[in-house]
Amino acid sequence: MMKSIQLCILLWCWRAICCHSCELTNITISIEKEECRFCISINTTWCAGYCYTRDLVYKDPARPNTQKVCTFKELVYETIRLPGCARHSDSLYTYPVATECHCGKCDSDSTDCTVRGLGPSYCSFSEMKE
């Protein structure tokens, strides 16, 4: 009986790891430009899910401790024209679209690696309803 319970727990954990791994997901982000003074929401794809990681109890200075996160492996960029911007202003906005994901180190040059970032729906202006 105990072996059956242990096997069920093991299979459940395996399923949780395999079925909820790092993968593409649809998200809605708010985009804004200073010249336009409002936000619009657009749909794009980004990476989300779980990556195996561990934090050592005893830190070894000779061995760097890098936490792996679900992040993009490949990106493309799409450009849209924001409606309602002032004349003679640049109304084009380019945003990233993830096409492939993996578990890897967070690249702070291109990604918000903070624990509590502003989030994809943050907007400093009022939102324009289409």
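Cβ coordinates are placed from backbone N, Cα and C, and glycine is handled just like the others.
Summarising the annotation, Swiss-Prot assigns signal peptide to 1-19 and lists sequence analysis as the type of evidence.
Annotation comment: Swiss-Prot describes C22-C70 (among others) as disulfide bond, evidence class similarity to another entry. Look at C70 (disulfide bond): DSSP puts it in a strand. On its own chain, C70 (disulfide bond) has C22, E23, C47, A48, G49, Y50, C51, C101, H102, C103 as residues at least 6 apart in sequence with a Cβ closer than 8 Å to its own Cβ.
Feature annotation from Swiss-Prot assigns N-linked glycosylation site to N26 (among others). Note: N26 (N-linked glycosylation site) has non-local neighbours N43, T44, T45, i.e. same-chain residues 6+ apart with C-beta under 8 A of its own C-beta.
The disulfide bond annotation in Swiss-Prot covers C36-C85 (among others) and rests on similarity to another entry. The Cβ neighbour count for C85 (disulfide bond), using a 10 Å radius and every protein chain shown, is 17.
Swiss-Prot lists C39-C123 (among others) with the feature disulfide bond, giving similarity to another entry as the kind of evidence.
A simple way to gauge crowding: the CB of N43 (N-linked glycosylation site) has 9 other CB atoms within 10 angstroms, across all the protein chains here. Under the heading N-linked glycosylation site, Swiss-Prot lists N43 (among others), citing similarity to another entry as support.
Per Swiss-Prot, disulfide bond is recorded for C47-C101 (among others). Within 10 Å of the C-beta of C101 (disulfide bond) there are 22 other C-beta atoms, taking all protein chains into account.
Look at Swiss-Prot and you will find C51-C103 (among others) tagged as disulfide bond, backed by similarity to another entry.
Neighbour list (C113 (disulfide bond), Cβ cut-off 8 Å, at least 6 residues apart, same chain): V69, C106, D107. Residues annotated as disulfide bond in Swiss-Prot, with similarity to another entry given as evidence: C106-C113 (among others).
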Name the residue among the disulfide-bonded residues C22, C39, C106 whose Cβ has the smallest number of other Cβ atoms within 10 Å.
C106
Among the disulfide-bonded residues listed here, C36, C47, C51, whose Cβ has the fewest other Cβ atoms inside 10 Å?
C51
